[in-house]
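Peer 1: First the structure, which I've put down as structure tokens, then a few questions once you've had a look.
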Amino acid sequence: MKIVVAIGGSILLKEYDSKKFKKYSEILKKLTEKHKLFVVVGGGKPARDYINIVRDLGAGEAQCDDIGIEITRINAKLLLSSLGSAAYQKVPHNFQEALEFSTSGKIIVMGGTEPAHSTDAVSAILAEYINADKLINLTSVDGMYTKDPNKYDDAELISEITATELLEFLSGKDIKAGTYEFFDTTAVQMIKRSSLETVITNGYEPENLIKAINGEKVGTKVISE
Ligand code: UTP
């Protein structure tokens, strides 16, 4: 299968060390024996820290986004270091480059592309661009809940949600640089229009990636309706 894997920066850099990069590169190398992989890496805390600094310096939102994009590309380079010869050792800056580099037969790793969305959207656009079979979004929560699980004990994990329902839930959420909520609306629109099989799951457990690829019930499946 051709698979796009989005890994949140908050997953890779939670502890500010190399552990998650190593763990993910082991898994990705194994998966590449059977699948063609495209990985999109997020910015995490370093992106938010740098965005706050540049915003304080008077930058507008698009310029803040631009700083965020640079950080996602640095994170992509860290994953490339860990993957070594299994990956194409250059970060594509756009979708055409990603496609071009993929002719190498190696794992492709990229970060952001342009302002006004997050790497969730990059992963969904990329999936559409390369005609992927699956999009797996590894994030810092287990998936979509009925209520905020940090506030309510009776919050339940939703195993399936339609893209339309997810769009309704996300409408009115903050879209400033560095503050994308649970999932990005641009990403959901892509999922809706291109019938993209999508799973959102907890990336703190890297094995969830394998489970999601194997079709096991893990996290929230987004149905393109
Ligand atoms: P992320 O995609 O990591 O955003 O990009 P996020 O969801 O806030 O963070 P994590 O990784 O899931 O914790 C970081 C920031 O970079 C800018 C946005 O400002 C985003 O919030 N960005 C990223 C863009 O403007 N365009 C892109 O294509 C990617």
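The backbone N, Cα and C atoms fix where each Cβ goes, glycine too.
All TrEMBL annotations are machine predictions without curation.
Residues or ranges marked as domain 'Aspartate/glutamate/uridylate kinase' in TrEMBL: 1-202. Under the heading ATP binding site, TrEMBL lists Gly9, Ser10, Gly44, Arg48, Thr139, Tyr145, Asp148. If you look up TrEMBL, you'll see Gly43, Asp65, Thr113, Glu114, Pro115, Ala116, His117, Ser118, Thr119 marked as UMP binding site.
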Peer 1: With the Cβ under 6 Å from ligand 1 as the test, give me the qualifying entries from the binding-site residues Gly9, Thr113, Tyr145.
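Peer 2: Once distances to ligand 1 are taken from each Cβ, Gly9, Thr113 fall under 6 Å.
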Peer 1: I'd like to know which of the binding-site residues Ser10, Thr113, Thr119, Thr139 has the most other Cβ atoms within 10 Å of its Cβ.
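Peer 2: Sorting the candidates by Cβ neighbours within 10 Å, the top entry is Thr119.
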Peer 1: For Gly44 (ATP binding site), what residues in its own chain, 6 or more apart in sequence, show a Cβ-Cβ distance under 8 Å?
Peer 2: Gly8, Gly9, Ser10, Ile11, Leu12, Leu13, Lys14, Ile71, Asn75
Peer 1: Under DSSP, is Pro115 (UMP binding site) helix, strand or coil?
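Peer 2: In the DSSP reduction, Pro115 (UMP binding site) maps to coil.
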Peer 1: Any idea what the Cα distance is from Thr113 (UMP binding site) over to Arg48 (ATP binding site), rounded to a whole Å?
Peer 2: 17
Peer 1: Grab the UMP binding residues from the record (Gly43, Asp65, Thr113, Glu114, Pro115, Ala116, His117, Ser118, Thr119) and give me their largest CA-CA distance in Å.
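Peer 2: The UMP-binding residues span at most 14 Å between Cα atoms.
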Peer 1: About how far apart, in whole Å, are the alpha carbons (Cα) of Tyr145 (ATP binding site) and Gly43 (UMP binding site)?
Peer 2: 24
